[in-house]
Amino acid sequence: MGTTYMVWAILLALTLHKAVCDESGPVIVEEPDNRVDFSNSTGANIHCSVRGRPAPSVVWVRADNGSAIGVVPGLRMVLSNGTLIFPPFRAEDYRQEVHAQVYRCQASNSHGTVHSRDVHVRAVVAQHYETEVNNEFVIRGNSAILKCNIPSFVADFVSVQAWVDNDGTAIYPSKSYDGKYLVLPSGELHIRSVSSEDGFKSYKCRTVHRLTQETRLSATAGRLVISEPMGSSAPRLPSKDKGDIVEHAAGSVVPLFCEAQSNPVPRFRWFKVPEGGRKAAVELGERVKQVGGTLIIREAKVEDSGKYLCVVNNSVGGESVETVLTVTAPLSAQVEPKVQTVEFGRPATFTCTYRGNPVKSVTWLKDGIPLNHKEAVLRIDTVGREDKGMYQCFVRNDQESAQGTAELKLGGRFEPPQLIYTFQTNTLQPGPAVFLKCVAAGNPTPEITWELDGTRLANSERMQVGQYVTVNGEVVSHLNISAVHTNDGGLYACVASSTVGSVRHAARLNVYGLPYIRPMDKAAVVAGENMVVHCPVAGYPIDSIVWEKNGRMLPINRRQKTFPNGTLIVEAVQRSTDQGRYTCVARNSQAYTARGDLDVQVMEPPQLLPIEFGSEAFYEGDMAQANRRLRKGDRPVTFSWLYNGILLVNTDDTYIDHMGSRTSILTLDPVRAHHQGNYSCRAVNKAGFTQVDTTIIVNVPPRWIVEPADKAFALGSDARLECKADGFPRPSLGWKKAAGHTPGDYRDLDVNNPNIKVTGDGTLHISSIQKSHEGYYLCEANNGIGAGLSTVIYVRVQAPPQFKIQYRNQTARHGDDAVLECEAGGETPIGILWSKDKHSVDQAAEPRYTIREEMRGGSVHSSLSIKTTDRTDSAVYTCVATNAFGSADTNINLIIQEHPEQPSSLKVLDKSGRSVELSWTSPYDGNSPITRYIVEYKLSRRNWENDGERMMVPGNQNMAAVLDLRPATTYHLRIVARNEIGDSDPSDIVTIITAEEAPSGSPRDLKVEAVDQTSLRVKWKPPLREEWNGDIQGYQVGYRLASSNTSYVYETVEFSKEVGKEHQLTIKKLQVYTEYAVVVSAFNKIGQGPTTEEIRSYTAEGTPQQPPHDVTCTTLTSQTIRVSWASPPLETVQGVIKGYKVIYGPSDKWYDEERKDTKITSSTETHLHGLQKYTNYSLQVLAFTSGGEGVRSQPIHCQTDQDVPDAPTSVKALVMSADSILVSWLPPDRPNGIITQYTVYFKEEGKSDSEAEQEKLLSSQLNYEANGLKQRDEYVFWVTASTTIGEGEKSESVHLKLSSKVPAKIASFDDEYVATYKEDVKLHCQAVGLPTPDIRWTIRGEPFTPNDRMRLLTEGSLLIREVSRDDAGEYTCHVENPYGQDTVTHTLLIQAPPHPPEIQFQSTTTNSIEVKLKPSVIDDTTPIHGYTVYYKPEFSTWESVQVPASTRSYNLEGLWCGSRYQIYASAYNKIGTGESSEILNTRTKGKKPEIPEVHRFVEVSSVSINLHLKAWQDGGCPMNYFVVEYKPRHQTEWIMADNQVSPTGNYGIMELTPATWYNLRISAHNNAGSSVAEYEVATLTLTGATLPPTVSDSRVTWLPDWWPKWLDLNVLVPVIATIVVIIVGIVVICVAVTRRKNGIENLRLREEVYQQYQYNASMPPPSTMDKRHPGFREELGYIPPPNRKLPPVPGSQYNTCDRIKRGGGSGRGTHATWDPRRPMYEELSLHPPPGRRIPLGGPPQPLGSQDTLRSGGDDEICPYATFHLLGFREEMDPQQAGNNFQTFPHQNGHGSQQHFVNSPASRSMPPSSTYYSTVPGDMTASRMSNSTFSPTYDDPARSDEESDQYGGSTYSGGGPYARAIDSVSQSGTAKRLNGAHPPGAPVSGPQPSNHRFISNRGSTSGSAGQGSPEPPPPPPPRNGDLPLDSSGLGSSLNDSNNSTASNQFSEAECDHDLVQRNYGVKATKSTEEMRKLLDKNEAAAHIQNGGLRMVSDEMNV
């Protein structure tokens, strides 16, 4: 257990150690850019990615003060991941402190803090600018430069893109500098050699804004004003071009301008002037070009920086201009080491390595705090705890900055000292001993010292210090004071120190006694520093401690500070005021004092004036002198001079003179090279020292250290030529070699020659020196000081004779002359000798040989001529050369050559579609190696001379592959051999035909165009005919999103054979306004060809899916509102925004669309004018594209400002009494604001308006009583209304004269009252009159009678409580007194929710329902604001949509196809929503997919299955997709081929295994549902043959597990059957006896009815076969072929063909007899005869034709030779009759001509084979005429070229192995499994089981599912009525013991050869063996519906 804990502890420690070790400081990984410029319309994101452990926190700070920045809403955001975001903003929101600022990214964790480089952020507000081009004046013949003048405020962002002349021709920047026009990199247009014609052109510049990408032409066009040269003139430079300073980035193109004009045309020359050196001409080359006077430097380098001088002159004069070029390189910095761990007290060094140009400053930061260090190397002498952290080196220039980061960690196990125990302050009486103790710890072990008032204590008589170290490493120190005295009091301190730090503790020891001050030593203080002194006071208690100077108590100035503890501080000590004696005075409460003096001396350090030599640079031999002068400082001062840190003394060229005590002079005479360096003058006194520095540079011209001299070298040796010189600057040394054999014309050495090398010290090395290296060499030394040095030497190469070639072959044609030559180099003289095969050549002996010699350029040339060569001249000839240094030879092998012979045995080894491999036998080479073979080939119909092509083959090969042939093409080939002499005759011709290949060309003329918002139409033409490489089967159209890298989605298009026809495909269900990439490829039976180039196209524009956001409105005036918004998100626009619509209207009428106004604008802001005053407006904004209008934004609301109101509407004046008048009025119709007051004006008639009296009233008061009026005077009244804006217009004036009679009047006005349902209403009737008038009310003409809700108020008003709709109408108030009467009528309107609207159906489609909306016939007082239409699909939830009130019909779109819907509507107004209308029920059109006929859907080949998806009927609802699954037949798991197959075109399942059975499962989906079909498919063999049918496992697998194994069905079934037969027999006998009494006729009639019922039951419902037409008997009859006998069926009067047509019962035990003698049959219903028992649930409904494929006996079968399947007489299922007989074709290979059409071939498959197929099954009468199948036959064993030209056969539709099984099957290569149960058809009785049976006698398990009626009682057993055996068949097809006649085959039935071919029976079986096979039930495996299995399963969808 203990060991386990220890292990865990160790692991935990290691884990913690690793975690600590893995920690690191913050480092900026992704540093932001130095400069971030952005437009206010785009915004910017600045990323700052950091790493560290623990994870650093990131903040952004301002670079100027380091303060953290925060979020400025709408302008600046800081994300937690370090991203600084500047969103787009409006121009007026620009803030300089946000958008024009320098930021830094700051990252911090526990290890430290780092900063990113400076980020200069500059936001640019889009503003209008114009560029201009001014006219340029130029003298003809000179060059001109046109400049594009860009405003300065956009100059940093706008650049010249091109120049455009007045003809519209654009001139772009070019890398070629040879033309007349050149656009310079800086944007100027350079026009070379201006002529008079150039003055007729004008030029504009086209600029581009790099932030907004906006391009524009200049506002003005400039032209050249050309003047003719008048006399001669010197070059003139513009005044501004006398000098310039330019700066460009490295790698850019730099133009340096030198604009000058003169006559004659000036000459321009450029020089580069080094600092302190001589100018040198600029070398022009590929990188440096000169165009006119402009120097262009491409790919500028930092080394190109410097001063450039342009010198311009002509014959009249000259001028020059200087340009200083600085080539900037991006700054980068790196600190090494990046991480260093240093122990305490050790030094640490960081080195900052930086690159870039220029570098103007180097600074360091520690944890984000600047360090006072400016050098590249940062050294920390002694590392302490405070030094750990993050260090950064920053390099900067005017444009950018860069930083490097490093971390300093503290290493080792050192710990600074710590005091773990200290003493405390203590107060005691004199006498006792005192013990002070301190305990310290640390690593290394610290040492403890003791101090008293700052003075270190040592051992004395009474004070002892001792210390020791404990076992724990702690240091214990004691201070022992024996018999403490008063004078021992003071501040005691213990100090623990070690090499890694120190720590101090202090506390006072107070000893009672009188004050005492210990003596103080003299203090020396440096002027300018602070002085801090403590008064060493003892004694206790002390009342006060003060300081005095010169008898004055301190402080006496601001620099002096005293403290109660006796501390004195004097800041910035000055000698004049602060030097002297200071006295410390201590006093106690008894006035006893103690005094102590302190003498302070203030010392001044020396200060020197700057020194200088007068110049930084001197030439050797000059005199240099520097003066040192002492400015101030205490004497004595010691002076010294230092040179590079070394003390100087007087020498022969260095003199030091001291002039008094303040001056010293350093003289260098003469100045020499060793004087260059740093000079320092140092002054030292007691107060300190100072030093001033200066630098002197000595320019020394070059001088030889080693001067080269002539040398000679042996050939092949290594030569070394020394050339050394010194000087300052250090001279450059270079070697050149004379071009000829004489001195002069020196040229640079070939630097690419690896044998020639010049070292840095000037030494020339030549490795393996050759004769070519001999000559004159020049060594130059130059440093720009003086003329430089140069020396010419001669290098001689001494060589023996030498031949360049030691051995060579030379050939000559037979009979031609030959000349053999040799040339020997070396020291002359040289002798030459010739030999042949090592025998000397004797010219006398061989007259055909001639030898000649001559000198050629220092070499000896010799030739041997041979005339009329023959084969004997073939030999090795040797040329021997000799001189004084040795000899050499060269050998020449002479070969006499002839033409080669003809190649033979040309054979074809292999061939493919594009190549053929040939071999041949090499011929005789003619004594000359065959250099190559020429393979000649051509098309078979072309000729060799004009159309032949050649391919060269190396001569050492006798095999070759001819490539680049055309597939499926006939070629002729032959071979020609070639040697150096010539070509042989061609070989015999070989003819080949290349194989087919996939198409090699892509379709042509691919075009893609938008059909609508979600569709693209693709059009193309076939590839060129020669690129087909076979017959094209179809095309693959691929498409994908252009913005993604996903693979293409392909659709297949069948090939059209019309010549030149354009193919097309419409791709649907695409995204709106999205760019798609489309490719097309063709394919043939071999494979797919290349795709076209990708064509991209957008779908049509849609409508914006989101509204504009940030919609705001601002009221500007009483009739103007400003509206602004932001564009919808770009990804939701679905197009290009053409503009915006602002919909606005009063909020109270917002429901009424007709009251809304619309304004269209293209900007994101607009002003709405002419609005109603003081009105609340609602506004919406939408964006629109070419595709239509987008989504409206949510309404926002703004209210216009108030304005002065209109005049009050009506005014009345009524006499109240003899001296008063009542004035009443109505408010203004348009108050234009809130009425603040009314003003009533009245005056006497005749007075002016200014004399009128006025009365201001509250806004709630609508009448005024004017009292104290004069009788019998007429008065005039008017009223005004006022708002906060001012007083409005006055009302109309009313005149009234006072009267003593006051008639009855009503002050109220006729008014319309609008009341909300269930609220109280008060109708006013204010009456006046004397006497008081009577008041009565009438309602709608009827007198008012008070009730619970209505009552008359005292003032005459009528109060109605909780109004209802019935209260609406006219209310009249009547007043009357003796002097008059008056009436007023009010109209009361009641506002209530609307009545239910009327809703009706108008139309329906597959995905929409159109309804008609109509308001209620009952009129509503309150206008309807709109309707809400509710709808829901069956079994789903309700949905709703709001419809405007003006809508009269509305179309509900996007509904589910083929679904039932419920719909109702309700209306709403401002009061609320009314009652709902009645609910309507309807259904959208459409139904689920219809399963197609199999022969139209399935097509198979050897390795693929092609599905014709268009064969599916969509049922009216568009297909959504298909799901295709497949699997090998014996595999359990399905393989998903694709679950999103597009419903267009075909779909192929590729790469299948030939000759294999597969199961297919196809699921078709639309909105109405889905249909599923299963098929069984057999792929063809590689030769195109079909598979033989297979026998299913006959074992009984449907028995339950509990069934006893010993219970054998073969025994049990016969026993049970026997018992049942006996019982049935007894019952039948009884019934027969009983029925006999009813008569024979009755029984016969019933039998016929039953037979007719059974016949009709065999017909496929719901079709009815018409048996009444005359040709019916002939149609069903059978005429046997001539000379053929068809044996009759026992007991019947019709032949086998008739029986097959007639069919049998629907069940296994059914029996029916068909009488062919009856002329016709009546159509009977499918109901059973009376008395028949109906199965439970009624007769099962047959499967409909919509979901199943059925086959029956409807089509003619007689023309085929048929056979009678034994045992199939009475058991035949009429529903399956058509499936259970495979017939053979006629002997001539053709069948009946009815409906026989070859099925077309599908894509990727060759044309249909000639195999036959049977008629598709179960077709209704309307479909029978359209059925197609392949009646012809071909032998699959055939493999000749005509029948198998495509390598296989194709089955289309119903081949012999295609059959759909959906309770009815069809012959072919595919068959349908598990057909779908039709919708709506009830399934009665037991459901079909999942058992599968081999069936060649009809399905016995599927009869119930097929809707067959219940069979009648079984007839007496026949030989076919046997129980099924274990295989699902009868125990015998027709046992041989039964009727022999019925077991015989006719000749037509027994064509066993066809049986063998079609059904897989081995050819070795004879006819007799075949009969036996049938008798033994073995034929079931061979004659079984074409080898197809039928499964009776049904599957509901």
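Note that Cβ sites are derived from N, Cα and C of the backbone, with glycine treated the same way.
Quick look at what TrEMBL lists:
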DOMAIN    141-218  domain 'Ig-like'
DOMAIN    235-326  domain 'Ig-like'
DOMAIN    515-601  domain 'Ig-like'
DOMAIN    606-697  domain 'Ig-like'
DOMAIN    702-790  domain 'Ig-like'
DOMAIN    801-893  domain 'Ig-like'
DOMAIN    902-997  domain 'Fibronectin type-III'
DOMAIN    1002-1102  domain 'Fibronectin type-III'
DOMAIN    1207-1301  domain 'Fibronectin type-III'
DOMAIN    1303-1385  domain 'Ig-like'
DOMAIN    1393-1487  domain 'Fibronectin type-III'
DOMAIN    1488-1586  domain 'Fibronectin type-III'
REGION    1725-1748  region 'Disordered'
COMPBIAS  1727-1742  compositional bias 'Pro residues'
REGION    1775-1948  region 'Disordered'
COMPBIAS  1909-1918  compositional bias 'Pro residues'
COMPBIAS  1919-1939  compositional bias 'Low complexity'
Helix, strand and coil counts within the domain 'Fibronectin type-III' (1207-1301) (DSSP): 3 helix, 50 strand, 42 coil
Contact ranking winner - 235-326, 902-997, 1002-1102, 1393-1487, 1488-1586 against the domain 'Ig-like' (1303-1385), Cβ under 8 Å: 1393-1487
Recorded stretch that, among 235-326, 515-601, 1002-1102, has the most CB pairs under 8 Å to the domain 'Ig-like' (141-218): 235-326
Per-state residue totals over the domain 'Ig-like' (515-601) - DSSP helix, strand, coil: 4 helix, 47 strand, 36 coil
Three-state composition of the domain 'Ig-like' (141-218), taking helix and strand from DSSP: 8 helix, 32 strand, 38 coil
Helix-strand-coil residue split for the domain 'Ig-like' (606-697), DSSP-based: 3 helix, 53 strand, 36 coil
